[in-house]
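Worksheet for the structure shown next.
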Amino acid sequence: TRSGLWKRMKPRKSEEPLPGRVAALLLVLCVSGKRAETARYSVPEEAERGSFVANIAKDLGLTGEELLARQSRVVPEGEKQYLQLNQHTGDLVVREQMDREELCGQSEPCLVRFEVLLESPLQSFRAEVRLTDINDHAPVFLNREIVLTIPESAMSGTRFLLERAHDPDVGNNSLQHYSISSNEYFHVYTQRRNDGGRYAELVLDRALDREQQAEVLFIITAVDGGNPPRSGTALIRVVVLDTNDNSPVFTQTLYKISVMENSSEDTIVVAVSASDLDEGTNGEILYSIFQNSEEDLQTFKINPETGQIRLKKPLDYEEKKSYEIDVQATDGGGLSTHCKVEVQVKDVNDNAPEVIITSLTSTLSEAAPPDTVVALFNVRDRDSGDNGRTSCELTGEQPFRITLLAADAYALVTSETLDREQVEEYNVTVRARDEGSPALSASKTLLVRLLDVNDNAPTFTQAIYTMAMSENEPAGRSLGRLSATDPDAGENARVRYSVVPPPTGTLAAASFVSVDAESGTVRTLRPLDYEKVPAFEVTVSAADGGSPPLSAQAVLRIVVRDENDNAPVLLHPGPDSSAAGELVPRWAPSGYLVAKVVAVDADAGQNAWLNYELAKATEPGLFRVGLHSGEVRTARAVTERDAARQRLIVLVRDRGRPPRSATATLAVALVDDFSDAFHQLGHDPAGGQQPQVAEEEMLTTYLIASLCCVSSLFLLSVLVLTANTLCKARVRAELPPPSPSCYADGDFASDGVGMGSTGTLSPAYRYEMCLTSGSGRSEFQFVRPILP
């Protein structure tokens, strides 16, 4: 590694190599805070655009491809970019011409500082280019004609201070010596000032005689040391005065003064004083600032009568630290003398620190780990000493900290993990403070926005959503809306809804409803039957648009509301029979249980609550029906006047809106005894087309039977008794199992209606009624009721 070397280069195009270029010191600058020495180069001022300065890639030990891949760039210290880096070749070339005098004035050396930034990993290299002076300015006198008044009594060897020429170049290119054109009275000496500037003194070779020559004219030439040299000229006109015996004399030949840089305009710097032994006009003294630069004349002024030197404008320590002023005292006779005033400018803490951002990452991923570099910046204070020493800090509590990289170079890095959902952006304020008294500070606010990372899954507002739908509701009806939120942003926060497919072999409840992917609206896919599906549950999912996506699940419970879509169904009497036959004895009292109508309704709630009522009857006042039990009972005692055959229509109606109903038809036979039961049950009272004919046939039968009984009572009694005995014996031997027309306990149970204590027909009124096969119309058996 090589360092501390200046490189003198000739301006040329970037593609030309530079012989003899000295490599600079470049140490790797890591964000961990390691310091790097400054690489130094040089280039002549006014070098053309594209002039080669150095090969950064070679000095860094990198190839052009690596420079390009790591996005290398040049960051200037100031606002203007004078240099640029060719990322393909690694050449550092001149971007804009640089005038050393404009950038640095008389200061030497004149340095252009910059940094080379590399990424992946982030590295910074400090470097500076020294602008070497070229002789592009000739010496210039402020006045094209210099007038000197010299008394004729002046002695040989007397010296006269001349106005000096100004040359903004430095070093050998600055003003080197003066010369005058040939004359018989004077020659010139070149003197050197403390600041390195040169001035001329005119020396009298022989006494002047005003009477012989009142004026002496000659040319003074100021020559610099450039190659080729440049020069400037002025005309000196010497006016010979009559004799003035005494010249003014200053009380001090050198005045040393210190002035604070914050002194206001018109502040008194110093008061010079001179005296003259002559009298009259020859003793009157006038003061003036003599042969100073234009800058000095713009900064100071002198009272010609009192000799007070005042400020014409405030001083700035950072621009110039000292001044040398030549003051001339001239009496009325034209004699003059000179003194020097040295003004030292004292630094005042009048410059606040400057925070200069060299690199800034304005957007940062919220997943960035701690110690991620956010910005690189420098702090500069133009003051000196303690006034120029600075420190940096962050204001407020934020997840960032400052790391020192090198002298006055810092990095802003993260100090902890970030969360965009808590804070989307940060206004990071970097405050720089100097050590002056009072201390000055400056702040720079950096806006750092966090980029979202998909680190949050959607969240449902409810773990279980319950919605209701009516049975038989058509497809496409909206049941409600699911809602899930995601605190992320952009696509990471875009929630899409879906139904999770159920496991194989389970109820395909997912085919009953659908969920809109964007809005979360739940809609029906098909009508449902409450009696088959009273309720069901599906699992719904909410997934965001991140990569990979995150999701959450919730339970969607759908309750089907029952509608009155089922009419009551009759269990007894059966719906397929036109009429059910019942026998009621003529002696039945009021409240006698005739039959019980049993019905069920597949609906639920009040849609399944059933009411029974007598819709129609042959004799409406003879029977009544229990409103809730469906029991048909006699409303009064049966009389002989009541018709032997009664037809009852019982209406069974539910309580739905609108209600649904069914009817049961009962055929009731009123009998004195049960010997004629089979005959009456064999004819449907509702099926005969001519009821009167049937009654006449029955009456004829009774008359014939009565006549036979009266005629042959004895014979018939014997025959009947014998026939009855034989018939019963034969029937009992040949009687098959009970036929389906036999109503027993088990028959009702087999129809799905329990006949026990929980059934709809009380066991206290159950009957067993059977007809023996083959008995015809001659025999009917009535079995007693089964009592509890």
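Every residue, even glycine, has its Cβ placed from backbone N, Cα and C.
In TrEMBL, annotation is done automatically, which means it is predicted and not curated.
Straight from TrEMBL, the features:
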{"type": "DOMAIN", "residues": "35-141", "note": "domain 'Cadherin'"}
{"type": "DOMAIN", "residues": "142-250", "note": "domain 'Cadherin'"}
{"type": "DOMAIN", "residues": "251-355", "note": "domain 'Cadherin'"}
{"type": "DOMAIN", "residues": "356-460", "note": "domain 'Cadherin'"}
{"type": "DOMAIN", "residues": "461-570", "note": "domain 'Cadherin'"}
{"type": "DOMAIN", "residues": "584-693", "note": "domain 'Cadherin'"}
{"type": "TRANSMEM", "residues": "699-722", "note": "transmembrane segment"}
(message) Summarise the domain 'Cadherin' (251-355) as counts of helix, strand and coil residues per DSSP.
(response) 10 helix, 49 strand, 46 coil
(request) Using a Cβ cut-off of under 8 Å, list the residues of the same chain at least 6 residues beyond the transmembrane segment (699-722) that approach it. (result) none
(message) Taking only the residues in the domain 'Cadherin' (584-693), give me the average pLDDT of this model.
(response) 82
